[in-house]
Every structure is written in C-alpha cells, then in structure tokens.
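Below: one structure, written as structure tokens.
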Amino acid sequence: MSNERLVGDPEVPAVSFEQVSKHYGPVQAVRELSLQLPQGRAIAFLGPNGAGKSTSMEILLGLKHASSGRVEVFGKPPRQAMTAGHVGAMLQSGGLPADVTVRELLTLMTKLHPKPLRVDEVLLRANIADLADRRAGKLSGGQTQRVRFAIAIAGDSDLIVLDEPTTGMDVENRHIFWNSMKDEAERGKTVLFATHYLEEADQIADQVVVINKGRLLANGSVSDIKAMAGFQRIAFRLPGVTREQLLNLPHVVSLDVLHDHVQIQTSDSDKTFYALLDQGLRPMEIEISALGLEQAFVAITERDNGDAVETTETEDAR
Amino acid sequence: MSGVMALGRLEIVRSLRNRRVMFFTILYPAMLFLLSASSVKGKNVPGTDIPYVDYFLVAYASFGVIAASLNNNAMRISQERKEGWIRQLRLTALPSYGYVVSKIAASLLVVIPAIVVTFLLGTTQGVKLSGEEWVSAFLVIWLGSLAFTALGIAIGYGVPQDAVQPATLIIYVAGSFLGGQFFAVSGTLETIGKALPTYWVREIATQVISGQPISWGGVAILAAWVVGCAILAAVMYQKRAED
C-alpha cells in the first residue's frame, strides 16, 4: 500500500520534471525543463503557441516519452501513475465515438479507472446531466468540451490535466466550466490546465507556470508573475511635456509620450513618481496600476524572445 | 480485465447499432446468397459433386464475415486514431493491449450473426447438412475470421488514414473475388486465390460440409495469415504508439 502513502504524502509533488527534453529530429520541443508542481493546487500552464505546452503535457501523461530527463507523477513514472488511477485528462483532440450516448461513454470511463466516481455524480459535477442520453456525435462544440471534462474527472483522480479546456466555448459556458474546475480544486485535486485565456488563469490558478520555446520562463503565484514582469504602469496627462524631460526618471523600463499623454512602465512606481514631482512637474489624471496577467505574460515572453533573437544573432555572427 | 470487457461490450453495441456494418455483414451477403442460390438450384459445382447451393452457403457466409472483421476494424481503427479516441483511452488505466483485445473479442461476436443468418437461409434453399457439418462449417468460418480481423487491425494502424477506405475495399473485393466468394474459381484465378485467406476459409468450410478430406496445407496457409497479420498488427501498433 505504498502507493496510498505516496499520494497521501503532501510532500510528494503531483508532477515533477527533471531536466526533461524532447526533440523531434532537429526540432527541440522541450528543453531541459525542470519543474515541480505541488499537490492540491490549480495550476495554469501558459505559453504562446508552439511553446511546448502540449508536448510537456503529453510527456507527463505518458503519451510521449521524453528524449532525456525524468518525469514523475506522484513519485511514479507517468504510465504507472495512470494505471494506478492518479491521473485523469482531457486533451485537445480527445475525439469521442459519435455513436454512443454520453452515459454509455461515462459508464465505460468509470470502468477504466480503479476507483471511479458514480456515473450520476460525474454527470452532476460536470454539469451535463441534461446531456446523458444524447449521442456524442450530436453535441455542440461547447457540450463536447464539457463531456470531455466529465471523462477527465470520472476516475476521481488526484491530478486532473486539461489541455485548453475552454476552447470553442461561449462566455457563459466558460464561466460554468470554470466553476466546475474550481470545485475540483476545492475537493483537493491538483488541477493542471493549459490555456490561452489569461483571464482564466487569473481567475482560477493558485500557481502559474509560463514556458516559452520549450523552456521554463516563470513559475509562481499570479502576483509573482505580475511582479516578475516588472512593473507597474503610470499614466498621466501633462500639457507640453517632452520625452527628454522624462528620460532621466529612475526605474523606468519603458516610456511612451503621445501628445500630452504619457505612459511609463516602471519597476518602482513610487520612486519614479516622486522623482517626477521633484522635477517640479505637476501631472494630471494620474493612474498607477499593476500590469494585468495578460500584459505581464506578454512582457516576459517578449523579453525572452528578444533575448533569444540576440543569442541567435551572436551565434550566426560566429 | 473488467475494463477490457467493458470496452468490448461497448464495441459490440456500437457495431450492432451501425447500419452500414449490419448491411455489409448480414443483409448484403444474405441477398446475394438468395439470388445466387436460386439461379443454381439442382446444379453441382462444375467437376465436382458438391451442390452449388452448399458452395454459396459457405461462400456468402464467409463474405459477410470478411466485411464484419476486415472492413469494420480497418475503418473504425483508422477513424478512431484520427479522432483521438485511442489517445483518450490511453489516458485511463486500460492496459495498452486492451483496445486491440476488445476489437478482436467484439469481432468474434459480431461475425456470428453473419454466419448464422446465411446458414438459416440455407435451410430454406435446400441445403441439407448433418448437425456436425453445420457446427464444423461454423467453426471454420468463425475462427477463420481472425485472419481478417488481424489484417483489419494492421491496415487500421498501418495505412495512412486517407488511403484506408480504398485499400480496404480493394482487398475486400479482390480477396473475395479470387477467394471464390462470388463464383467457383479455376485456372489462374484459383492459383492466385490459393495464397489467400479468403480462398482457404471458404475451401476448408466447403470440404467439411461435403465429406472431403481437409487440405492441411490450406489450414497452414490460413494459420500463417492469422499469425503474420497479428505480428504486422503488433508492429504497426507499436509504431503508432506515439501518434
């Protein structure tokens, strides 16, 4: 019963990547990714298209083998964690057989896991009781996504992995879906989800992992990520201001002057702002705000892309 | 194991629900059998004393079996690969062989009505066999279906998805033609046919209902097809493991 103890032990990470790389011929999809995800959290997995999110997920689900490095799920190799019933998942392309009903499908899924939920409970939790007797082929895109979520939770698994779960959903469905996801996290499940909707990450995630070009870029709470991106934003109006007047302000990361309107990104909004006042300037309509997760995400991936471009150029120059 | 059984059960339900499968497995061979049987009443297969009706009984029962095991498996596996259903199943505790085992088990059940319906129709067309002969013919065709199931699995995994349908249809029609499912073959056609499982399923089943000695060479060829296709299917399955 060592398995029970392992999962029961909150110190064992739900997911652990150690120096994991995956390449397809010359294409490096994942580069030396090291990452530990604790149990019992909702974790958003962010990255631009082609960043290696799906590949990383496929590796941790045992669908693909890492070219090098080690992956463990609750301290076990991925496939073993899967057969022990620790993992339930929903992929982007989890096609459902068109000719079976939702209930038949979920009945099957509960039989393919060692310690499943009851089918009625699955229907309830995934908010699809009304779809139980529909054939899978007759569902709309959003309904199909909800059924696939139901499949992911049917095994009552400790880790639920969702790849872009709300793609193709309208706003209302997305909110219903978020609630289902939050409920699972509150039941103590580890929920790992990749998403394009930064709002989704902002609303649900306790932890955000950002990867770009196959490498780990950031790993922390939503506010950590925002802080990491830098920066707060100061905006104001100041008639007759020139760019030159503002160039010497401390801690400024970027500066935009358009007519009378100024936008500053700064790593320390207080000091920047005091210095502005010390110069005798008296701006109006002042706004000081943190970057949203979306802006933070864009800032750190762009910075990373910029660095990489320089590196490539240096390499080319040699 | 209960997972494999649950999946197998659902596979059977899906096949029985699929009108196209039921048509090609039962209705179409039955119709062709009735047509052919009524046009050869009282005649024997040329050069033998086997009633042509008996010949067609076995020929069309095996024709339905080929559709149920070869076409059904090849097209469904290819489709389910494309849709991602196989990947979804790999995200469960189902053992890696579970999907293929459930397909084989379901095929062994789904081919049964194809045989039984044609046999029942045979009794209305003047086919007179002993109980033992009915059972032996059933067993030959039923077990012979394994060759087509294995071939179907190999095609489903191995052939590029957009080529699966034409490839399967060509093999199904050409195999049945050369195997003597439509009429008794002779000459060059028979020479080629003798290398095929379609020919030997029908031929051995014909032998057991007409009191002829069984060609053990044919049994060996049939067995070689089962084993060969099973190995091919296993190799293709491994090759596609990361799809």
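Glycine is no exception: its Cβ is also placed from the backbone N, Cα and C atoms.
Annotation source TrEMBL lists domain 'ABC-2 type transporter transmembrane' at B:53-234.
What TrEMBL records for B:21-40 (among others) is transmembrane segment.
Per TrEMBL, transmembrane segment is recorded for B:52-75 (among others).
Feature annotation from TrEMBL assigns transmembrane segment to B:96-122 (among others).
The transmembrane segment feature in TrEMBL is assigned to B:134-157 (among others). When Cβ-Cβ distances below 8 Å are used as the criterion, the transmembrane segment (B:134-157) is approached by residues 57-58, 61-62, 65-66, 68-78, 81, 100, 103-104, 107-108, 111-112, 115-116, 119, 164, 167-168, 171, 197, 200-201, 204-205, 208-209, 222, 225-226, 229-230, 232-233, 236-237, 239-240 of the same chain, each at least six residues removed from its ends.
Marked as transmembrane segment by TrEMBL: B:169-189 (among others).
Remote same-chain residues near the transmembrane segment (B:214-237) are listed as 100, 144, 146-147, 150-151, 153-154, 157-158, 194-197, 199-201, 203-204, 207-208 (criterion: CB distance under 8 Å, separation of at least six residues from the stretch ends). The transmembrane segment annotation in TrEMBL covers B:214-237 (among others).
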Statement: Contact set of the transmembrane segment (B:52-75) with the rest of its chain, CB cutoff 8 A exclusive, min separation 6+ beyond the ends, reads 15, 21, 24-26, 28-30, 32-33, 36-37, 40-41, 43-45, 103, 107, 110-111, 114-115, 117-119, 122, 125-127, 129, 137, 141-142, 144-146, 148-149, 151-153, 155-156, 159, 164-165, 167-169, 171-172, 175-176, 179-182, 184, 198, 201-202, 205-206, 209-210
